[in-house]
Amino acid sequence: MELSYQEKVTLIKLRELKKASFDELVKETGLDQVAVMRAILWLQSKGLAKLHEKQKRVVKITELGEKYAKIGLPERRALKLLVEKGKVTLEDLREVLSEDELRPIIGILRKEGWATVRKEDDVLTLELTEKGKEALTKERPIDIALKVLAEKREVEAREIEELLSLKELKTRKIGEEDAKAEREVEITDEGLRIASEGLELKEEVSILTPELIKSGGWKNVEFKHFNIHAPVKRLYPGKKQPYRTFLDKIRRKLIEMGFIEMTVESLIETQFWNFDALFQPQNHPARDWTDTYQLKYPKYGFLPDETLVERVKASHEHGWITGSRGWGYKWDPRTAMLLMPRAHATALSARQLGKGVQIPGKYFAIQRVFRPDVLDRTHLIEFNQVDGFVVGETLTFKHLLGILKRFAVEIAGAKKVKFLPDYYPFTEPSVQMSAYHEELGWVEFGGAGVFREEMTKPLGIDVPVIAWGIGIDRLAMFKLGIDDIRYLFSYDLKWLREAKLVW
C-alpha cells in the first residue's frame, strides 16, 4: 500500500500510542496541524486508522471578563470603597464605577448583604455591614470562576458548573459558552500490521524548485505522488445569482440581434399606458381588481399630451381614421388616469411607440410586472417579462412565429414548441406559444401578435408592428432545469450553490 511521508510518520506514532488525541499527534510527529489532519483522513480512508469526534462544551472568557479579572468585579470595587469610607453615596461610587456598572450595583450589594441603603438628607447612602467587612477577604463562586477563566482562557463547562450556573456567568457577560470538537485517533488492526512490517521514512518533495534543478538534487530525492482521481471535497466558489445571470445573458443576446433596449422610468403606470393606449376597452374584464393591482394612494397620475389622448379616445369610441368602429362606448379620461403597478410589459412598447421609433427597428425590455394569482410552482404574483416588438413595412405574421421559435429553442433550450390561436384586444392575428418541459409538460410562455391599427395609428405608426410578451421566468425554468418557478427568487443556499451556470 502506497503511503506518503506524513502518513508513515503518523502511522508509526499511532503504533506506539495505539490511541492519541489530535493535539498529541501534532506534538509527537512534529508535523503541522494541516499535515497531521490530512494524514489522518487518508489513513482513515485506507482503513489504517479511525478518527473519533465528539463535541465538548467549553466556556471562554469574554473581553469584559478580562477587564474585570484585571481591575476587579464592580461589586468588589464598590465594597473596597465602602470598607475604606464606611459609608458612601452614589457620587462616591462614580469614582470607581462606570455608569453601566453603577445601575445594578445597589441591588447586588443588598443581595449579598454587604451594605444597607437609606436616604440621608434626600441623598441615597450605602453603609457597610458586618457581612460586607468579612466579604472583602472571602471569595465567592463567581470570583473563583473569573480567576479560573482568566488563568486558562477556556475551560470545560462542567468545571464552571461545579461553582455556579452558566446563566449567571453569561448574564454578567463574563464568559460565553461554545462547542469544541474533540478529536481522538485510533490505529486499526490493519494499521498495526502495516506499521509493524517496517516503513521506510524518506522525506518527499512536493515542489520542483529552481534550486533543485540547478543543483541536480532532484536526482536524489523522492517526489510526492499525486492521485488526481482521489475524491475531494466539493468547492462552491462565488458566482452570480443564476437567474440574474440568465437575465443578463438574454439582454446581451437581444442586443447582439440588433434590438434596442427601451428606457424604463417606473414600476407604476397609469391605466392609459397599461390599457387604453393598447386599445383595451375600459370595461374589459382584465382591468378588474381581480386581475390587476391598483394603487390606493396616490390614486391618479397624469395623462400624456392632449393630441395623443384625443386620438386614443377617438379610436376607442368610433375607430378614429382606422376604418374600425372602435368599441362604441364613451371613453373616460378619469379612468385612464388611475395608477397601478405595471400588469404587463407591453405597456412599455406602447410608450416607446408613442415617443417615436426607427423604421425599420427592433426594441425590447426586460421588466417586472404584477398580477394577482395563486402562488404555485408555475405562477408568481410578481415576475419578469421580456417584451419586444419589431416595426417594418414588409413584416408579416410568419416573421413573428420565426422570432418566437428562435426564443424558445435558442434561449430556453426547448425541444418542442407549439403555437395556438389566441385573442388580445390589441393584436390581430394573435398567438399563444407553449414549450414542452420534461417535468411539467406543456408550459405557456406568453402571447404575441400583430398590433392592430386602432392601437398603432393613434401612436403615430403607419407600418406593421409584430410584438410579443413572454414570461421570462418560465424560460429560465427550462434553461436552469428547475420544476418550481419560486426557486428563481429563492434564498435556499443549497440551490444557489448547485444551480448550473447558463451558457
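Even glycines carry a Cβ here, placed using N, Cα and C.
As the structure is a computational prediction, the values presented were derived from the model and not from experiment.
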Q. So Swiss-Prot lists THR346, GLN385, VAL386, ASP387, PHE426 for L-phenylalanine; which of PHE302, PHE451, PHE478, PHE489 goes with them?
A. PHE451
Q: Could you check the binding-site residues PHE426, GLU428, PHE451 and say which one's CB has the most other CB atoms within 10 Å?
A: PHE451
Q) Expressed to the nearest Å, what is the distance separating GLU428 (Mg(2+) binding site) and PHE451 (L-phenylalanine binding site) at their Cα atoms? A) 6
Q: Output, ordered by sequence, the same-chain residues six or more apart from GLN385 (L-phenylalanine binding site) with a CB under 8 Å from its CB, or 'none'.
A: HIS344, ALA345, ILE366, GLN367, VAL369, GLY446, GLY469, ILE470, GLY471, ILE472
